[in-house]
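These come from Swiss-Prot:
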- K39: N6-acetyllysine (MOD_RES)
- K49: N6-succinyllysine (MOD_RES)
- K55: N6-acetyllysine (MOD_RES)
- K115: N6-succinyllysine (MOD_RES)
- K115: N6-acetyllysine (MOD_RES)
- S146: phosphoserine (MOD_RES)
- K154: N6-acetyllysine (MOD_RES)
- K154: N6-succinyllysine (MOD_RES)
- K197: N6-acetyllysine (MOD_RES)
- K270: N6-succinyllysine (MOD_RES)
- 1-25: transit peptide (TRANSIT)
Amino acid sequence: MFSRAGVAGLSAWTLQPQWIQVRNMATLKDITRRLKSIKNIQKITKSMKMVAAAKYARAERELKPARIYGLGSLALYEKADIKVPEDKKKHLLIGVSSDRGLCGAIHSSIAKQMKSEVATLTAAGKEVMLVGIGDKIRGILYRTHSDQFLVAFKEVGRKPPTFGDASVIALELLNSGYEFDEGSVIFNRFRSVISYKTEEKPIFSLNTIASAESMSIYDDIDADVLQNYQEYNLANIIYYSLKESSTSEQSARMTAMDNASKNASEMIDKLTLTFNRTRQAVITKELIEIISGAAALD
């Protein structure tokens, strides 16, 4: 009496609500899984923000006395008006970063500044060598400037930098065998908890300082004294840049983790709303099926 096509169509129509229900249940499971994952990530970002806030408070306290040493050492170069002769070609670029990430554009801003300086100095006929303080800056620049790397330092940023760390870096540079004429230290100077600025400070070799016209008025300065002062000055400037970079990094990480936590909250709210709507749709479909079945029996 009934055709085969009619029976097939009836079967498809009868099974359709069940497939819809299974699909909605699978969607609910996916949403639940995503919610759980995002909530776990939010816990991690909140914890990292708290850790970064504690480290930032300590770094900011230690930055104030470190600035005195750094600015004092830089004042000599400014007041002495040390200038490098045109025939001097060797330039050293020191980039200060760290081994840790999740702190915004802290490391990429240093790399961008160093790439720009390398291009400018190379175009001017200078011989440029690079020094990377921190594994992040080495990882960014080594792919494109591996032939210009003099030395790279790791294990930076895991603990607060000390003057001993800066002294080790300065000694390694002095013993590297590369006799540079002048150089620059590129780092992020801390301005506020939400702001930092990439800056560049000069450094000079012993020969450049000794041959400066303004230094010739001090005839009684012993060569050993001037050498000790130059080495101490180099360590001071590196220490100052490490402290500035460390404070900037912790404040940037704290801000980044705060933004990540807020974004996670927004995603949780949206997924919760989607979950509730999907669950309501499943319940509505089940009620329709029950009512339709009851009406058919009547």
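Placement of Cβ uses the backbone N, Cα and C atoms for every residue, glycine included.
Sequence features, as recorded in Swiss-Prot, placed on the structure.
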{"residue": "K39", "record": "N6-acetyllysine", "Cβ within 10 Å": "14"}
{"residue": "K49", "record": "N6-succinyllysine", "Cβ within 10 Å": "19"}
{"residue": "K55", "record": "N6-acetyllysine", "Cβ within 10 Å": "20"}
{"residue": "K115", "record": "N6-succinyllysine", "Cβ within 10 Å": "16"}
{"residue": "S146", "record": "phosphoserine", "Cβ within 10 Å": "10"}
{"residue": "K154", "record": "N6-acetyllysine", "Cβ within 10 Å": "13"}
{"residue": "K197", "record": "N6-acetyllysine", "Cβ within 10 Å": "12"}
{"residue": "K270", "record": "N6-succinyllysine", "Cβ within 10 Å": "10"}
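Straight-line distance linking the Cα atoms of K154 (N6-acetyllysine) and S146 (phosphoserine), rounded to a whole number, equals 16 Å. Secondary structure from DSSP puts K49 (N6-succinyllysine) in a helix. Looking only at Cα atoms, S146 (phosphoserine) sits nearest to K115 among the modified residues K39, K49, K115. In the three-state DSSP reading, K197 (N6-acetyllysine) counts as strand. Nearest by CA distance to K39 (N6-acetyllysine), out of the modified residues K49, K115, K197, is K49. Checked against K270 (N6-succinyllysine), the modified residues K49, K55, K115, K197 differ in C-alpha distance, with K49 being the nearest. Comparing CA positions across the modified residues K49, K55, K197, the one lying closest to K115 (N6-succinyllysine) turns out to be K197. K55 (N6-acetyllysine) and K197 (N6-acetyllysine) are 20 Å apart (CA-CA, integer value).
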